[in-house]
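Heads up, the thing below is written out as C-alpha cells.
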Amino acid sequence: MAVTTPTSEFDIVILGASGFTGKHVLKEALKFLTNFNSIAIAGRDTSKLAQTLNWAARPNPPPPIPILAADTADAASLRALCDRARILLNCVGPFRRHGAPVVAACVAAGCDYLDITGETEFMERMEREHHAQAVKNGALVVSACGFDSVPAEMGFLFHSRQWVGPARPNRVEAYLSLESERRIVGNFGTFESAVMAVKDLNEIEQSRVNRVKPKIPGPPPKGEIIEHQKKIGLWGVTLPSADATLVGRTLSTLTESPDGLPGLDESEEMVEKRKTFWSSVKPAHFGVKLGSKSLLHMFGFIMIGIFIGVLGRFSLGRWLLLKYPSIFTFGGFSKNGPSEEEIASASFKMWFVGHGFSNEGEGQKKADMEIITRVMGPEMGYVTTPIILVQCALILHTQRKNLPKGGVYTPGIVFGATDLQERLQQNGISFHVVSKTSLST
C-alpha cells in the first residue's frame, strides 16, 4: 500500500506554475518559503518555469527552487513527480481536460492533492473514481481550494454558526458582488470552463453521486431568478456555480458524520475542537447569486448566461464562444486576462442573507429571523485564490495528523474545523456579522 511519508523529497510541488493563475500561486508561496522545508515547481516547459520564478521573486533574486519537467499527458512523468511530493498543488486547467491523470497519479502515490477548479463534473467524477483508493492509500484529494469554493464554503459555515440556541436557518442566499476602480476582465480559462460545463450538464445529472440529505426546518424555498435585497443594496441573478454543490456535499457528509471526519492521529484537544465546531453548524438550503447595484447589469448577466446556455450545447456554438469570448460577454472575458493594474484594483464581497426560525422547536412555519454576514477580500482569481490555496497547503503541511487519512472531499469538511478562517483573516480575507433581525410574521 502506497502512503505519503515525511521523507518525501518536497513538501509541496506546484504543477502548472507558469500558467495564468499558477504564477500568482508561486508568488504567494514564496512569501511562506521558510514555512516549508522544500518547494518545487513543475510543468511542461522548464525554461518558461524559470522565467516565471524570476517574475514571482522580483525584486529579489529567485530562490534556488528545483524546476521539474512533468506533463499531464505523460502518466509516467506525473507518477514520478508525485512519488517525490507530499502535497501537490495543481494549477493546470481546464481540469476536465487535464486534471484526471494528475489526481490518479497522486492517489496511486499516496500524495495529498489540492487544486483550484470550479468544474462540478470533474469534481464529481474524481470522487466516484478515486475516493475508495484514496482512503486506502492515504491520499487526501481536495478540489476547489480557491475562490471556487472556499469563500462560499467557509462563509456558509461562518454564517450557519451565528444561528445559536434553538434558532435554525431555512435558507441562505449568497450574493457575490465584484468591485473595481477599473473594468474587470475575467480569465479565458474560467470562461472556457463555464462553456464546457454546459456540454457536461446531462452527464452531470446522470452521474451524480447519491447523497444523504440533511434535515432542514421549514419548506424548501421558492427560487427566483432575479431578487432584490434592499438591506445590502443589491440585485441578484442566480449564478450556476460549484459553490452550492460543494456546500451541499459538505452538509451531506456532515449528516452522515455529525462530528466531522476524524483525523489521522488527532490529539484529544483537536477531537474536542472538531466536535464542538461541527455541533454548531446548522444545515440550510443554499444558493448563490451574482449581485450588482444596477438592474441593467442584471440583464447583461442574463444575456451572457443565455449565450453560454444556448450556444454551449452544440460544437459550432462552443467554437464561436471560445473564439470570440469578448464579444459574447460584452468585454467581460478576454484571452489576455486582466492586467496587473486591473488585478490590484479589484475586490469582492460575498453577502450571506439567511432566513429562518428563532425557535425551531415551536414548530414555526414562517421565517421570523434574518441574519446577514459577509466575506470580503481582494481580487478573486489571482489574489484571493492563491492566498487560499497556499493557506490550505500550510494547514496540510503543519496539521496533517488532524486531517482525514485520505479520500476525496470538499474544502469545507476537511478545513472547516481547522484554523483556516483565522489564517484567511490574517491574509486579507475577512468575515463579518452584519446584522441579526427579527422579522414580522
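Positions of Cβ are set from backbone N, Cα and C atoms, glycine also.
Database features, via TrEMBL:
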DOMAIN    12-142  domain 'Saccharopine dehydrogenase NADP binding'
TRANSMEM  295-316  transmembrane segment
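When Cβ-Cβ distances below 8 Å are used as the criterion, the transmembrane segment (295-316) is approached by residues 194-199, 225-226, 235-237, 240, 328-330, 332 of the same chain, each at least six residues removed from its ends. Looking only at the domain 'Saccharopine dehydrogenase NADP binding' (12-142), the predicted model's pLDDT averages out at 96. Using DSSP to sort the residues of the domain 'Saccharopine dehydrogenase NADP binding' (12-142) gives these counts of helix, strand and coil: 65 helix, 25 strand, 41 coil.
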